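Database features, via Swiss-Prot:
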DOMAIN    11-97  domain 'GS beta-grasp'
DOMAIN    103-443  domain 'GS catalytic'
BINDING   126, 237, 322  Mg(2+) 1 binding site
BINDING   128, 181, 188  Mg(2+) 2 binding site
BINDING   176, 239, 240, 241, 305, 310  ATP binding site
BINDING   233, 287, 293, 305, 324  L-glutamate binding site
């Protein structure tokens, strides 16, 4: 009965005419930030922008040079029914010029490079999340005993998941499949693919609605890559295809097209540095360990879930690749910018993809992987940042934001190392620390 009432509440929401408008953007971490203005200022927000102080936004300017302007993108307007306000994404400017560290602007610039080649990227994400009962401590309370695709033992979680899906269309998302994931209290709601910029917006919107609905029910939802040691981590597999003149250019006859293979080649070539964007937290590397279906070996294959890149289909409009290492702590604008930049680089340079595998990579011994030329992803955020420093192409994707990003993330890594040292915890620990929970639980 409670479940039915919850669903009815979501369906019957009456959305009054919004009197306030949320101007929303992300910081360098991908966390949602914003300010509200009266709806009467909407046109001003589009035409002239609204100024704000960026000095306290993670990854933005210091206090000595922090005057920024938000300009609304009216194509992103939506209404948030549980708050009764409007919401719009946009771009950040510094004076009359696009601000170098604006994540959405970074992706836009990479997409303009694709467009010069006549290409558009379609991307479908699969973000996973956990739902925990609030109890005021870091002793995370698991509210259900379900497993993969289970239909029993879900109690409140099932109601929350359905209510999330019912709210999603208000924000422009089209839910496709809802199901329980492998971990207890772990869930996934897949939504329809879209062009790259809209997909990045949708990921931000999805995380917003998931957290908000869980909160309405007295629960926490977290997209933290590995909230509990020994439990499956939260991934965000990305299904990617490129289109030209309305045709999917990944389609081949007996396999993927050369364009698709070179795109894969570019990703594999830069995968180590790319990890700094697709897996940008200390906690990300607690997920990327063997045994949990999270890829650690740089390889690719057809329908092979142990590979870093899987090819689910190569015929028809559904021809695509699946990049399996990203997690939902990534800033989606930066992650997609990096992936598309290195993929385009692979196409231009005709990079052939090595490390093709048909069998389970995890079951190979070191000698077999070495024979096949299979390398590994970085084992920590620190290693990923060192790879990023050496990779010109991934740095180029970030553009002027590279310094902001590397400085911010190096401080993050240093703080973690200091925490471990102060408690005599080994630097290579795979246990989830309280430092990580405090820093990443709300990503």
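The backbone N, Cα and C atoms fix where each Cβ goes, glycine too.
The Cα atom of residue 176 (ATP binding site) lies nearest to that of 188, taking the binding-site residues 188, 233, 237, 324 as the candidates. The highest number of surrounding Cβ atoms within 10 Å, among the binding-site residues 239, 287, 305, 310, 324, is found at 287. Same-chain residues that are not part of 128, 181, 188 yet have a Cβ within 8 Å of the Cβ center of the Mg(2+) 2 site turn out to be 126, 127, 129, 179, 180, 182, 183, 186, 187, 234, 235.
Rounded to a whole number, the C-alpha distance linking residue 322 (Mg(2+) 1 binding site) with residue 239 (ATP binding site) is 4 angstrom.
Only 293, 324, from the binding-site residues 188, 237, 293, 324, place their Cα within 10 Å of the Cα belonging to residue 305 (ATP binding site). Apart from the site residues 233, 287, 293, 305, 324, the chain places the Cβ of 232, 235, 237, 288, 292, 294, 295, 325 no farther than 8 Å from the centroid of the site's Cβ atoms, the recorded L-glutamate location. According to its DSSP assignment, residue 322 (Mg(2+) 1 binding site) is in a strand.
Restricting the average to the domain 'GS catalytic' (103-443) gives a pLDDT of 93.
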